[in-house]
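Below is one structure, written out as structure tokens; comments come after it.
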Amino acid sequence: MKGFLRYILLFLMPLLVLLIAMEIFLQSIPNNYKVKSNYIEKHSEAIETLILGNSHTYYGLNPEWMDQQSFNMSHVSQSFDIDLAILKHYLPKMTQLNTVVIRLSYDSMFETLSETNEHWRYKDYALYTNIPLEYYWKHHSEILSISFKENLKRIYKYYLKSEASVTCNPFGWGMDAHSSQAKDLYKTGALVAKKHTATSKNLFDDNFKTLKEIADLCLQNKVDVIMVTPPAFESYYLNLNYQQLEATVNTGLELANQYDHVSYYNFLEYWRFDREHFFDADHLNERGALLFSKMINDIIHK
Amino acid sequence: MLFNSLDFAVFLPLVFGIYWLLKNYHLKYQNTFLLLSSYVFYGWWDWRFLMLIAFSTIVDFIIGNLLFKAEKSFKRKILLSLSLVVNLGLLGFFKYFNFFIDNVNQVFSFLGKPLELRGLEIILPVGISFYTFQTLSYTLDIYHKKLKPTNNFMAFAGFVSFFPQLVAGPIERAKNLLPQFKTIRVFNKQKAIDGLRQILWGLFKKIVIADQCALIVNDCFSNPEAYNPLTLVFGAFFFAIQIYGDFSGYSDIAIGTARLFGFDLMKNFAFPYFSRNIAEFWRRWHISLSTWFRDYVYIPLGGSKGTKAMVVRNIFAVFLISALWHGANWTFIIWGLIHALCYVPLLFFNTTRTYTDTVAVNRLLPNLKELLSILFTFILTTLAWIFFRAETLSHAFNYLDAIWSESIWQIPNFVNNMMAFTTFLLVGFMLATEWIAREHNFALEKLATNWKRPLRWTFYYLLILSIFYFFGSEQEFIYFQF
């Protein structure tokens, strides 16, 4: 047995060295999660407006265009349960916080990150933030969370091609949905609408409960909550499922009725957004983000 | 738990380590630990279905012992029937209930008296067809006085739920596997290394070959109208390779894993795509199931004894049952029917046992006749696989229709031509490796073993790196659904 173990260990040694080296290289690549986590840890006491949500707010709201000291803590595919965990973790340190902006997108009430095929993104929270979530053991490693092929590409892009790996500005807004690289709005609209249409309502009640918890937490800390359904291009909103959309909008209205400190705004079909404001059918580009940020800023002032 | 998952990559070394640490203690500790590990392995999917395995184990353990003691023929028949009703009843309920309801509805609707019976939302327990057949063979062997029952419950429970082969075979016989639970296993370094080599080749076939082929196959079968005939022909070819890589890959991992624990499982695949006729193909494809049907269906029906008409009936019966074993769908029945129709002419020409040896023994390449026979057999099996892969009969006919609709001589229009070309090269490498090793139990059994260590290890490292490279999300094995 000892001979066998020695033999196997010897055989596996080069592979283990390769994998450990890859893990170190990958974890050393700067990324949005690390940048945002560092910022919020350092400046939590000064933040007055905190933006939470998924890619819709990540690309849609740039704190630079807001008057208050604001920070965008949204990440792609981030769901309400993670928003709540962020709030629970940082709220005690955020002494100046007076407003939380949170998205209520068409798909938000019907999914959580753990239930999507993007659940590998948990590793970014586990490795680069201090947010306490329910992590699976694989999430504590880059190589165990993402495919080998994808990791090789990342190493190649950062170390050999010197491509930028941080795509957000210092205030957490995503800069890589640029108008110069806009996608076909009509093609992406129907496809994404279909992707965002839920196959079951299983998660609705859990998400509603989470939203209420966020509202209660903010109430205890005297923080206003602004819930927004972000703007989308017509090819997206015309292909949505009516019942799912109605359930989403009703959630916002119900919470706004129930709590004085919660307000809800539906910008999904808002007339001021046209094709020049979109990166793809459901994400704003930098022009759209400018307009949307200023509108939210006005709401905060109100 | 999937063999191609990170969970299993942690589970296996852990169980292996503890298992061999227990060797200094009593055998029963090792067996108990194996049983617990097997239940953890199975319960990883859905722990509720563990109760089914436990129930099946207890029923067949008790019936086996009662059968052995019973002397009266009537009592023996009652006991056997009880075992059949319990085992086949569970299998029938989980696997065929909705199929039965659908077909009853269709028949009554055809007769103008719609019934509209409602099916149930049933989750098929993983591997139920495999372990049910394994426990059935135990009772049937005792009934036919070919086997003595065991009094050792732990050994029997281990035999039913042995994790390497629990969910997709090989379907073991008690005669082979049960005695291995009763004897002390001694660690053998060479056997363990052979086991690891077999696991490596199995993972290569699953992750690098089958999962890559699946990407092309899924595109072709999801929308056959979008592709030209040659692309669809390649789609069918890649499915033939996918199902082989997937299932024989699983079997290699299962057999290799069992070897790590000192067990020898039966061979399940013997390079079936190098067969020269359908009869040889069925001696080389899913051997544990083919021999099960031979011993418990074909021979009891009369086998090859009797008139030609009776033999033909027996052949059709076996292929029909085999088709239904795979699933409750008319596509499987047509798949079985095609194989039966290809088999019957061999009966009339007495050529079912013409090829019992390995093709082109002691030669590097086959001769022209062998090559044409192999190609012809492969084309027949690939044609049948179209029905196996299709979701409905009309889906299969649409696929075939799209192949014949235009000229076949058009450049293939895959979604990703580069990926198709890469997959083609990988399949070529796998087939060439298996051709070289066709006289052995698995491709890496002897291949490269006499190379110098640096060269041999480099070869293994390349295989491992290719597995890493192509490992995407954890894809289920096709045969788990059966």
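Note that Cβ sites are derived from N, Cα and C of the backbone, with glycine treated the same way.
Only residues 6 or more beyond the boundaries of the transmembrane segment (B:6-22), in the same chain, are considered here, and those with a CB under 8 A from a CB of the stretch are 29-30, 33-34, 37, 40-41, 44, 187, 257, 260-261, 474. The transmembrane segment annotation in TrEMBL covers B:6-22 (among others).
Feature annotation from TrEMBL assigns transmembrane segment to B:51-68 (among others).
The transmembrane segment annotation in TrEMBL covers B:80-101 (among others).
According to TrEMBL, the transmembrane segment annotation covers B:121-140 (among others).
Look at TrEMBL and you will find B:152-171 (among others) tagged as transmembrane segment.
As annotated by TrEMBL, transmembrane segment applies to B:226-245 (among others).
Long-range contacts of the transmembrane segment (B:310-326) within the same chain, counting only residues at least 6 positions beyond its ends with a Cβ under 8 Å from a Cβ of the stretch, are 96, 129, 133, 289-290, 293-294, 297-298, 301-304, 332-337, 339-340, 343-344, 347, 388, 482. Summarising the annotation, TrEMBL assigns transmembrane segment to B:310-326 (among others).
The transmembrane segment annotation in TrEMBL covers B:332-350 (among others).
Per TrEMBL, transmembrane segment is recorded for B:371-388 (among others).
Same-chain neighbours of the transmembrane segment (B:408-433): 204-205, 208-209, 212-213, 215-216, 219, 227-231, 233-234, 238, 241, 245, 273, 443, 447, 466, counting only residues six or more beyond its ends whose CB sits under 8 Å from a CB of the stretch. What TrEMBL lists as transmembrane segment is B:408-433 (among others).
What TrEMBL lists as transmembrane segment is B:454-472 (among others). Sequence-distant contacts of the transmembrane segment (B:454-472) (same chain, at least 6 residues past either end, Cβ-Cβ under 8 Å): 4, 197, 200-201, 203-204, 207-208, 211-212, 426, 448.
Among the stretches B:51-68, B:121-140, B:152-171, B:332-350, the one making the largest number of Cβ pairs under 8 Å with the transmembrane segment (B:80-101) is B:121-140. The list of residues near the transmembrane segment (B:332-350) in space but at least 6 beyond its ends in sequence, with Cβ under 8 angstroms from a Cβ of it, reads 277-279, 282, 308, 311-312, 315-316, 318-320, 322-324, 326, 380, 383-385, 387-388, 393, 396. Against the transmembrane segment (B:121-140), stretch B:152-171 shows more Cβ pairs under 8 Å than any other of B:152-171, B:226-245, B:371-388.
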